[in-house]
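Q: So TrEMBL lists these for the protein:
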BINDING   THR10, THR11, THR12, GLY18, ASN19, GLY155, ARG156, ASP157, LEU195, LYS202, MET203, SER204, LYS205, SER206  ATP binding site
BINDING   ASP143  L-tryptophan binding site
MOTIF     11-19  motif ''HIGH' region'
MOTIF     202-206  motif ''KMSKS' region'
Amino acid sequence: MRTRVLTGITTTGTPHLGNYAGAIRPAIVASKDPGVDAFYFMADYHALIKADDAARVAASRMKITATWLAGGLDPDTATIYRQSDIPEVPELMWLLTCVTAKGLLNRAHAYKAAVDKNVAEQEDADAGVTAGLYMYPVLMAADILAFNANKVPVGRDQIQHIEMARDIAQRFNHIYGRDYFVLPEVQIEEQVATLPGLDGRKMSKSYDNTIPLFDGGPKALRESIMKIVTDSRAPGEPKETEDSALFTIFKAFATPAESAAFADALHGGLGWGEAKQVLFERIEADVAPMRERYDSLMARPDDMEDILLAGAAKARAIAVPLLEQLRDAVGLRTFRPVAKAVEPATTKPASKAKPPRFASFREADGSFRFRLFGADGEELLLSVPFADPKAAGVARQALSVVGGAAAAIESQGDHVVLLVDGAIVGQGQPYPDEVARAAAMLRLRAALDALAAAQE
Ligand code: TYM
């Protein structure tokens, strides 16, 4: 079974070296592992919490998309999408909101920092704090849990949010009595867990201390690097590397051997001006080829739109069936008798299309089974063995009337299984890939809809 790795970037600004080294680069490396099922997205709903400048949010979504692709993310193997193209995310957010303790959100760092600042300034504690900021961790939990991600690679500032996502998932599972959610694990790239900015604090849009990755070209990159704050030691004097932002940034881009040589040069008295030039050249060597791809992508927004819409379709193949289960779990169910769960107009097979069909057979050991074939002849289900033909017939009849929306369909191991009264009655063909399994679930539901409609 592949490990689902998921991460997002808030689309409030221009990608900087911290986003790249701390999140994008390791995530792209991970996506090349055949054992990884990568889900990477633009957190554009999160952006609205921090920015009310529509043009800036719109531009940032494009820039961050282009950065992922220019960095080498392959949209055919990874799933890349915009958070706001997945309506199941805000829907799940509400289900999670209703099981999240308010006290948990009171402890969220970003909210607490805003409150502490207000109190220190003798303002009302919640002055200028939106409900969006308060709910930020629940939206982030929905991002992760809508896809049942196993691993979430992030910088250190996000660790608390992943812990909260685990808490919220556990609480939902407990209240509704089943492991609907896997508990996500945080993954930190130790080498570059927090990339410092120009002033030595964490590189962050909010501190205005960032070094742009692509914007402004090599000139802007060099100019920013020249502004990195250093101590006042003159050329010839030995330099400390321990708490040096400049050296830490170098390490995030260099091999261990290059870093050791650079440290030796600094200890040996290399001037800060020259050191900054070395740092610029090291980063530029990595960034220049990516910048070319980035510029070319930014000139083709339609192509990026197509890639993101295809990514959203892949992502929704996972989120839609999960939300169906969750709605059922919390009691948001159809009022109709199960066989009529879906409107006939949407479920009647096209007049010329062949309806799904059952084929019964007897095993060599004397047991009875049946298969369900889709309209195109695909085998969707192989039943469990039944001791006698009557029992097999009863099960077949149950499947003919249940309808896709009400059927209990789950993913178990590599298979999609169908349950009646809690017992497995059949399973589909094996798919090691979860996206393919989710698509198989949708096909099975569509076939059950068509069978139920044909009974009317
Ligand atoms: P955001 O947009 O602030 O940052 C994106 C990612 O970059 C990391 N990062 C850094 N890493 C190292 N050094 C730095 N100076 C640095 N600055 C930023 C962040 O830790 C993050 O991994 N809430 C998230 C976005 C998000 C998300 C999610 C992430 C929304 N939903 C679900 C993971 C899973 C955020 O604002 O990241």
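Cβ atoms are placed via backbone N, Cα and C, with glycine included.
Buried or exposed, and what's around them? Tell me for each listed feature.
A: Residue density at ASN19 (ATP binding site): 23 other Cβ atoms are found within 10 A of its Cβ, drawing on all protein chains shown. Following the DSSP three-state reduction, the secondary structure of ASN19 (ATP binding site) is helix.
With a cut-off of 8 Å between CB atoms and residues at least 6 apart in sequence, the same chain places LEU6, GLY8, PHE41, ALA43, GLN83, VAL89 near ASP143 (L-tryptophan binding site), listed in sequence order.
Under 8 Å from some Cβ of the motif ''HIGH' region' (11-19) lie the Cβ atoms of residues 42-44, 46-47, 50-51, 56-57, 60-61, 63-64, 67, 155, 194-195, 197, 202-205, 210-215, 249, 252, 283, all in the same chain and six or more residues away from its ends.
Residue counts for the motif ''KMSKS' region' (202-206) under DSSP (helix as H, G, I; strand as E, B; rest coil) come to 2 helix, 1 strand, 2 coil.
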Q: Among the binding-site residues ARG156, LYS205, point out the residue whose Cβ has the most other Cβ atoms within 10 Å, with all shown protein chains included in the count.
A: LYS205
Q: Compile a sequence-ordered list of residues in the same chain as MET203 (ATP binding site), six or more apart from it, whose Cβ lies below 8 A from its Cβ; state 'none' when nothing qualifies.
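A: Correct list: HIS16, LEU17, GLY18, LEU195, PRO196, GLY197, ASN209, THR210, ILE211.
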Q: So among the binding-site residues THR10, THR12, LEU195, who's got the most Cβ atoms within 10 Å?
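A: Within the set of binding-site residues, the most crowded position is LEU195.
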Q: Three states by DSSP: which one describes THR10 (ATP binding site)?
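A: The residue in question, THR10 (ATP binding site), is strand (DSSP, three-state).
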Q: Look up LEU195 (ATP binding site) in the DSSP assignment and reduce it to helix, strand or coil.
A: coil
